[in-house]
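**Q** What Swiss-Prot shows for this protein is this:
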| type | residues | note |
| --- | --- | --- |
| REGION | 1-609 | region 'D1, associates with and fuses membranes, tethers lipsomes' |
| REGION | 50-57 | region 'G1 motif D1' |
| REGION | 141-144 | region 'G3 motif D1' |
| REGION | 199-202 | region 'G4 motif D1' |
| REGION | 561-1193 | region 'D2, does not associate with membranes' |
| REGION | 619-626 | region 'G1 motif D2' |
| REGION | 774-777 | region 'G3 motif D2' |
| REGION | 837-840 | region 'G4 motif D2' |
């Protein structure tokens, strides 16, 4: 860079810096100053970033051959640490903008504490005469990019835009984490040199996986992302002599970078300034939030306020005009009603003629005949009048009143009943009242008569309708007055918001003017004043003394873990209790009158004794789930590896149904399953045509322009299909010895076709009836893994969530754990256990406590309160090493045993204990009745029957209760609302992440289309997971209600009554079936939004990205609302139907049980028939009750 170029650049950036400060964007002003300082000093920045706890700090210490930086398994570098060659000193930049300097000799441990203090210290610069760094070079250590602390992440991001080379460091066990690929895609285009370091390869176990195979997998992944194998290094700090350690080669590459030419410094600096300017102008326009402009919002909101005012006017008008409108409609109908048509006049004339005094008829004009004829004509005429009134008036009146009730929104069961009952009140006298006596009979008189009669009918109709109109008008006024209040309240709120938006729109316009001015400064020489100080970028920070360091080993706000400290001496002898239940059933089984009850009791005891339990393992891939499962059973049953192994659901259970120990049954997917999975993973819109599965997908590979990874994926499916076609088509199980298991669960070329593997293995754990389910990784790049795992959240009796000691609680865990947090509160008991695996890596107890405190605090952040947290070493447990301070495997086993034997079984055991007591109480009452008089027995019978009637009525009331149904409806609607809110936030974050600058690399339009497809698939997947979470929550809610209603409240009522008992059973096995949800979303729905993306420049440097994200987010929100609206009633119906089934089932069981008990009492009250049996049962119950039969909890 020439002096003249440097001077011009410094003038422009100096003016920009001034504008940034005036616009209160100190953050980007500082970045701009840092960029120009680096350019002026002609310094090379080499940054180290990657996963937190991947060993970045340890690696830097090793490269510098000195213990400079603090190291820990949890995030330690809470700020930026810059290491330079120079006179020995430390410079601290505080978060409040000051600067402190420690010159000369300093304490390393004190400096390391400053490196951990992210609250007070923003960055630390360390200078010394390091032989491993050239002058003009800075090594930069950053917090982990996947740290759960947003401040850590921002700290890392703030320096990366300045780096000349970036070394991305990952832990050996977490190479395939999805965030690796996402980060590399987002950063590789903005930094000249990107490298990938796989650290801690000392964790490699050659007996599990050959290192060459592992290396090939890593190289393939990087190659897919455009990073060459020359940029890949494998390192180990703890084992320098490790055969695969490339620390020496890494040092050589660092030396080469340090000596690289600085000829492209100006171009890189200008690009960095331009990026900062773009960010600043977006900040001015508030585009970072993706919100629409305030001018647009103002326009929309002005219309909204006017609409509310119109609604208010209309409502008030409706209140005053409802009755008038109804009356007008009724008058219109009656006016138009042809009540006395021409056809009627002949009957009218005949009737009028008969009313003449001179009217006579019959032989010799007898009076009887004349009266008979008059009645005949009167009745005929009135019948016709009544029919025509009904047809011409009543029916139309009813229809109109119905329509009016709907128009005015008062169509209720009450109003509908009132309207439907409307009839014009007609009496036969009405036709006589219209007669004008004395008038001469003529055709003109007949016409006038019919007109008068019609008017009388209309008056009657109006009078009858007036009562209905009065009721409807009152209903309208009541409803509208509520609407008016609601509209008024909203109008006040929206009017206030309108004032706010008017002010914001004004500010937004100012921001637009500022933006134009800033770009003019950068692009037009004449727009930049030339009196700017060329050393403006030099630090103007206030010099202060080094801040006081905070005391204590940790600033984490960990929650206490009381559940992990439960004393084991409280363990319950449940097996002894079960034996005692059997003893009681044997004793009472000899009493014929109690045979039905004791048989049912014995069957329930047997179900409790033989109950099966499911223990599910969750966690991110490579968290050690398979190793933990192996440690639980005591042998390497499942394969384990540093790359994701569990691509299927794997179960370990005791041998049953003739299956041999140490064998496995493999269940394959169907052709439809395979097709659906390929479509989902590749994004191919529809199933290709073809005569066979193989033909279809071979054609698809040739016809579609697929990405290389998708071609490989389909190839894997085709290989697996070809090899196991018979098993797939015929759905036959494949039985194999354990020695042949690995390909079916760990190699995608086979495992992709496997649905489930059941391993039969005899050990103490499986003999207790426990089945271990090892699920796919919760944060694996393969979405199929997590989708398969989710169903076990609901079904498992208990589950363990695994996290890795040196990489605990990464961002990949967050979404899954947040759903566990949502589910946890709905469970009737806490069945979640959290495991920190590989705790043998702990240096000492202090470090271990730091990690457990950190994990506990992070779990609490995600809604998992009071987590049951343990640290283990599956590796050491498997080889039989004695338990140490870090390996709590024996405690895990004890807690698991207690949970299964006490927490899970205690509800059933308590019910059985209560039922046993009630059986004894029945015997005691029957025994007492044997010594009562006939009168006393009769009185006892009457009390029994009254109690039976009360209890049966109570059961019916509970069975038909609507209260819980309304609660279910309310809770479902409320949860769906929150799901929509969460998905809106998720969409915003997802789209910002999906549409990154890396898309400019290659075919822009193709990359954008792919990004959209991927984002839509992820959004769809998140929606489905949210609905599944809702299913689990509602299942727990319903189960808890049934338990409270039938086990607690009803049982208490029965105990107070004294005659009857009801065994409700275990509701967990009756859980709700997860609802299948298959919403559809297509990329073509967003064609218009994609068309608006003109070019990378327009998208990233102008307002394109923010506008696009907001447009897509809003459309996704509407689509989601439509999904939810479509699902809402279906879900409510699904849940309420399940609840009604449970209530009905409970009611039937209860009625049957109390009926049996009533019959037993009645037989016992019979004179002397069962006296001997009752006496024997009585003595046996006395003996049983006197022994200790209490369940110890």
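Each residue, glycine too, has its Cβ placed from N, Cα and C.
I'd like to know what surrounds each of these features in this structure.
**A** In terms of DSSP secondary structure, the region 'G1 motif D1' (50-57) contains 2 helix, 1 strand, 5 coil.
The predicted model assigns the region 'G3 motif D1' (141-144) a mean pLDDT of 77.
Within the chain carrying the region 'G4 motif D1' (199-202), a Cβ under 8 angstroms from the stretch's Cβ atoms is held by residues 54-56, 58-59, 169-173, 211, 234-239, 242, 244-245, 806, all 6 or more beyond its ends.
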**Q** When secondary structure is assigned with DSSP, how many helix, strand and coil residues does the region 'G1 motif D2' (619-626) contain?
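**A** Going by DSSP assignments, the region 'G1 motif D2' (619-626) contains 2 helix, 1 strand, 5 coil.
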**Q** Across the region 'G4 motif D2' (837-840), what are the DSSP residue counts per state (helix, strand, coil)?
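**A** The region 'G4 motif D2' (837-840) comes out at 2 helix, 1 strand, 1 coil.
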**Q** DSSP says what for the region 'G4 motif D1' (199-202): how many helix, strand, coil residues?
**A** 2 helix, 1 strand, 1 coil
